[in-house]
Amino acid sequence: MNDTIAILAALAAGYLVGSVPLAYLMGRWIKHLDIRQVGSKNMGTMNTFYEVGFLPGLLVMTFDIGKGAVAVAIARALDAPQVIELLAGMVAVIGHVLPVWLKFKGGKGGATCIGVLAFLMPWGIPIYAAAFGLFLLITKFPTFSYSAAFVVFPLVGWFIYHSWAFVIYPAMLLAIPGFQYLVRVKQIGQKSTSLKDAVFRKSLRDRR
């Protein structure tokens, strides 16, 4: 396959795979609701768990993680350069956040980031899970712990993979859901008594 065609195909596939809005579809099919208009208004795993059901939430989590990995796997199958693999993963996350099928109004992209990084940096996943558990044990704040644990990926890139690319790339990738999270914190902060209440929420149910 021509290199240019392979690159374009990898990036297009990454976006299209990432933009499949399963959380939205689950909400419509099962509860006849728009997941972006209820609960936390996020087209993601936790909102699906709470507003649609446990099994749909589990399916959405698996699918959203999987589509990040699949986007990178397609680029690799097309023998695209590594930089294109990285871009395909990033484009998949952008596809989740800005899906063409829903007028570019999607989710935050955290689960899709995990899928991308699981494919590229598999050692990062058990370390991320351990960091999340440790943060949760210490702080008792699940939302903060989930977000803060992402800091391990650049560290894994340096200490295990010894690659500047795997230090810089996770930081850039995670900036996408990170920005969405900060916007959400600001929105919650406007309804809360303090910014601390917005960031450190002890219950994932407390997300409106």
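Each Cβ is built from the backbone N, Cα and C atoms, and glycine gets one as well.
No curator has checked TrEMBL annotations; they are predicted automatically.
Source: prediction; values computed, not measured.
Marked as transmembrane segment by TrEMBL: 6-27, 48-77, 83-102, 114-138, 158-183.
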Contact between the transmembrane segment (158-183) and the transmembrane segment (83-102) (3 or more Cβ pairs under 8 Å, separation 6+): yes
Beyond the flanks of the transmembrane segment (48-77) by at least 6 residues, Cβ under 8 Å: 10-11, 13-14, 17-18, 20, 22-23, 26-27, 30-31, 33, 35, 38-39, 84-85, 87-89, 91-93, 96, 107, 111-120, 204-205
Within-chain partners of the transmembrane segment (83-102) [C-beta distance under 8 Å, separation at least 6 from its ends]: 6-7, 10-11, 13-21, 24, 36, 43, 64, 67-68, 70-72, 74-76, 108-109, 112-113, 115-117, 119-120, 165, 169, 172-173, 176-177, 180
